[in-house]
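Everything on this sheet refers to the single structure shown next.
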Amino acid sequence: MTRRKLIAGNWKMNGDLAALAEIDAIAAAAVAYPGVDVAIGVPATLIAPAAARAPGLAIGAEDVHSADSGAFTGCISAGMVREVGASFAIVGHSERRGGYDETDAEVKGKAEALLRHGLNGILCIGETAEQRDAGNAVAVVTGQLRGSMPWGARSGWLSIAYEPIWAIGTGRTPTVADAAAIHGAIRATLVELLGDDAQAMRILYGGSVTGDNAAALLSAGDVDGALVGGASLTAAKFVPIIAAAAGLG
Ligand SMILES: O=C(CO)COP(=O)(O)O
């Protein structure tokens, strides 16, 4: 099955109002690659201005709370980010799972909040270096997938992002063969969980993706796009990744 490539950025806790110029430049360049879906998750403070300036680009949140409202100081709900222009949100990033002790059940609740509010989702999973070295990468990742998969999961609104924690911000990436193997295991688990719809669901790779390695990683079997951190912060670094995806058809 042919799946359109999705190149998504994750700005993490980076970006001020001046950085919106990069959003403008990415949006302008993305027009040249109509065969690729482009999205950027930005800090909550930038969702409204970015969405207003770049209507052709999918602008999203980097996290949401599982509840719609309530006594959760400092948190933001799916409905709130939707109201100011987000069309998607990332949930379950390892920096949330690890840094804030988010469980699979909590990530599942967050993904279900996205569905309730009509947002698309990118659900992240990924193993630590220790888990990989112990030979447990597939078991860990497929376990996270089973535990976090929301009710109502469908390829139309949900994508999976495989982000090995040892590859995030390190300059290290899996080999193309390793990426294909683990993405294949994720696909097989999606088939178990979702049946026929599993073939249409996109599985992104994330972790040290750059313009130099994107074409190779994106050519691996079952790699349907990328979730990009550092290299999504500027058009100069992000656009070559979009171009690499376009080159693969
Ligand atoms: O965590 C990531 C995207 O969500 C990957 O970050 P880097 O691309 O900076 O390694």
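Using the three backbone atoms N, Cα and C, a Cβ is placed for every residue, glycine included.
Note: TrEMBL annotation is automatic and uncurated.
Record features, source TrEMBL:
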| type | residues | note |
| --- | --- | --- |
| ACT_SITE | H93 | active site, electrophile |
| ACT_SITE | E163 | active site, proton acceptor |
| BINDING | N10, W11, K12, G169, S208, G229, G230 | substrate binding site |
Close-lying binding-site residues around ligand 1 among N10, W11, K12, G169, S208, G229, where CB distance stays under 6 Å: N10, G169, S208, G229
Per DSSP, three-state class assigned to G230 (substrate binding site): helix
Least surrounded among the binding-site residues, given as G169, G229, G230, when other CB atoms within 10 Å are counted: G169
Non-site residues, in chain order, whose CB comes within 8 A of the mean position of the CB atoms of N10, W11, K12, G169, S208, G229, G230 at substrate: N14, I168, V228, A231, S232, L233
Between N10 (substrate binding site) and the residue listed as 'active site, electrophile', the C-alpha gap once rounded to whole angstrom: 10
Integer Å distance between the CA atoms belonging to H93 (active site, electrophile) and E163 (active site, proton acceptor): 8
Residues N10, W11, K12, G169, S208, G229, G230 binding substrate per the record - widest CA separation, whole Å: 14
Rounded to the nearest Å - Cα separation of K12 (substrate binding site) and H93 (active site, electrophile): 10
Euclidean distance between Cα atoms of H93 (active site, electrophile) and G169 (substrate binding site), Å: 13
